[in-house]
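Peer 1: Take a look at this one; I'll ask things after.
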Amino acid sequence: HCDGVNLTCEACQEPGGLVVPPTDAPVSSTTPYVEDTPEPPLHNFYCSKLLDLVFLLDGSYRLSEAEFEVLKAFVVGTMERLHISQKRIRVAVVEYHDGSHAYLELRARKRPSELRRIASQIKYVGSQLASTSEVLKYTLFQIFGKIDRPEASRVILLLTASQEPQRMARYFTRYLQGFKKKKVILIPVGIGPHANLKQIRLIEKQAPENKAFLLSGVDELEQRRDEIINYLCDLAPEAPAPSKPPQVAHITVSPGISGVSSPGPKRKSLVLDVVFVLEASDEVGEANFNKSKEFLEEVIQRMDVSPAGTHIAVLQYSYTVNVEYTFKEAQSKEDVLRHVREIRYQGGNRTNTGQALQYLSEHSFSPSQGDREQAPNLVYMVTGNPASDEIRRLPGDIQVVPIGVGSRANLQELERISRPITPIFIQDFE
């Protein structure tokens, strides 16, 4: 069609007059991974239902680049609180402006940490417009064109901060009707003073589940995140019970969220062999080391530590590696916590991270130290300084989650250690 001086070609129309948009493939290829090797939840509060969830991100200039970074952080933080799997929650992420750019597709068989990494690297566009109609058309035909998981709920989280020109919105209502026919729930999140309230109200009128969240700006996203997750999680059905005993010990209900009457998402207790590694160098100091211990206690309190559930081992390291607790010792929460409280700071003038990782690879995760062959191997490493020695690649069956603390933590080094899992960075030991 002709729009002013611009001639635009479109794909042929589907029955009913709707135009099928061209396919825009995700930015990254889909690398398979083993679904049965779990990545542990990063937060106590998270959702584990049958859900296909699509994030639509406004890429217009109405959000500054800094504000768009906050928007991305909200998406990544939400993903951290979802049980992402082809068997549970699948996610797609699309940035929209005058067109639509898919960064993640529902069928992407990647580790959750890799999906979050891709989402965190979405480029800021800052275009003059962001067409809600175009991205809804894209989602209707390209993402939900074929319903391959009818047992799962289908939800779109529309993160919008701008208004499209009226000429682009002529089929807006028709797309909404298409979603209703396919039983797709559309949750608009209006951000800031320029969000299109008229379109948001139209979305709400289509179905009672299409609840809108109106925010004064991106700074409210984090405050409302758990409320939004809780709402969309309640829209989805429970996953069916497994036909044979899985690696999950049991399911417990997490604490409810204040101000929300419906039950919250659920938390799994995984069967894991977990080694906690704490830096205890002179650079860290005794006071900060003790804060690392307090953090360790809080994490263990939330775990299902038991003979049949999660097993814990603890190391501290600096110039040398000190073994504080092994998998062979009593695996009850009370015993582990008592020993953690008794750990004494060792100090040392080096940060031999490579030596610590080599030790746990060769010794901690060995049958002689109580490692279980059927349990996934996970490492949480708290460090605040660059390694003093060489770090060698660990076997593929050991997943390391580094927690870098303070300005001296080496980003590139920790990313190499953790790949494909994204390291966690915090400002200080407080």
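Think of each number as a place in line: the chain as shown, counted from 1.
Cβ atoms are placed via backbone N, Cα and C, with glycine included.
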Peer 1: Could you identify, going by Swiss-Prot, the member of CYS12, CYS47 that forms a disulphide bond with CYS233?
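Peer 2: Between CYS233 and one of CYS12, CYS47, Swiss-Prot records a disulfide, namely with CYS47.
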Peer 1: At a 10 Å cut-off from the C-beta of CYS47 (disulfide bond), count the other C-beta atoms across all protein chains.
Peer 2: 25
Peer 1: If one measures from the C-alpha of CYS47 (disulfide bond) to the C-alpha of ASN349 (N-linked glycosylation site), what distance in angstrom results, rounded to a whole number?
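Peer 2: The separation of the Cα atoms works out to 44 Å.
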Peer 1: Translate the DSSP assignment of ASN349 (N-linked glycosylation site) into the three-state scheme.
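Peer 2: Reduced to three states, the DSSP call for ASN349 (N-linked glycosylation site) is coil.
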Peer 1: Measure the Cβ-based neighbour count of ASN290 (N-linked glycosylation site), defined as the other Cβ atoms within 10 Å of its Cβ.
Peer 2: 14
Peer 1: Can you check which residues sit near ASN349 (N-linked glycosylation site), meaning Cβ under 8 Å from its Cβ, same chain, 6 or more apart in sequence, and list them in order?
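Peer 2: When sequence neighbours closer than 6 are ignored, ASN349 (N-linked glycosylation site) has SER281, ASP282, SER318, TYR319 within Cβ distance under 8 Å.
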